[in-house]
């Protein structure tokens, strides 16, 4: 055999080998695509059957299940990140600020403003005590949410809906049918409360009165917090209020039933909030975690405290001075349900036509605008979109 023929055979053999490898890769890819389509179809069927019960995750637990449905299974890489928490030696915890000094003399108020500003810049999260809402009101609010979710399912079903334009609705996983990601282990009561609150008779009977009372007190607290946050930005105390940041809020009553396999799912997946700020009332079970220095840090319940976190819209108008930190809730592995009530202070549900962008007084040659101007409608449409793979705020960066 001549040298040329030998070389030809070698080249032919290599080509055949490459062809076989390529064919194997194509077959593997096609198999993966078929499996993905089957899994997607299975998930859709599961989601449809789950949704039609109108009893949420609470209904699954009440049925006595020992294993969670596959549609709740969180991807392995996300589950691995559950272990990426701060080591005990660091003893990281979000700041706690006593608001009592904020309404006293100038020196005390300045100290409170500095603490809030530092927490908003470094953490995006902090807890507040002496905030003006009594423990009695907070306990009644938590009990009201518990009673709603644990009442007769036939009564709850009257509020069940996926129409987020309604003022009052109950659901489990609002995006259940709009994306293929794993469902979360929780149920939600959502109520639009300000500036045009629903009529008392339109709210659930078991918690309507306390929701109205709690909402009014939250409005007062929210306005006070925006004064302190304005001052922390070096602005007039009324600046953020004059921008309409405090005018609107929606309250969620979150119910996290005990999960038989808490290591396989989440209570809420990693996300940022769409609000200017969020005011959270939580019970003593815990489960909320926030990203800080690339570690997950537990937001441990503090008796009588409320958790405050900066939302995307405040990060935008502060031009990244304050941060909207990613956070999540791990699945409830305790024997009791976890109750929490976030109040999103934002015009997200009923947007106004106002244009929002980085506050001009905060900009300079050294600190140019990092975001383009936008309307709340534009932001909310992006926030709800399932086509983006990163926080909605990134979409508006210049």
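The backbone N, Cα and C atoms fix where each Cβ goes, glycine too.
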### Query
Pick from 164, 177, 327: which one does Swiss-Prot list with 271, 273 for the same Fe cation site?
327
### Message
For each of 271, 338, count the other CB atoms within 10 A of its CB; which of these binding-site residues has the top count?
### Response
338
### Message
Test of understanding: give the count of other CB atoms lying within 10 angstroms of the CB of residue 273 (Fe cation binding site).
### Response
27
### Query
How do the residues of the domain 'Fe2OG dioxygenase' (247-347) split into helix, strand and coil according to DSSP?
9 helix, 46 strand, 46 coil
### Task
Could you state the whole-number distance in Å separating the C-alpha atoms of residue 273 (Fe cation binding site) and residue 338 (2-oxoglutarate binding site)?
20
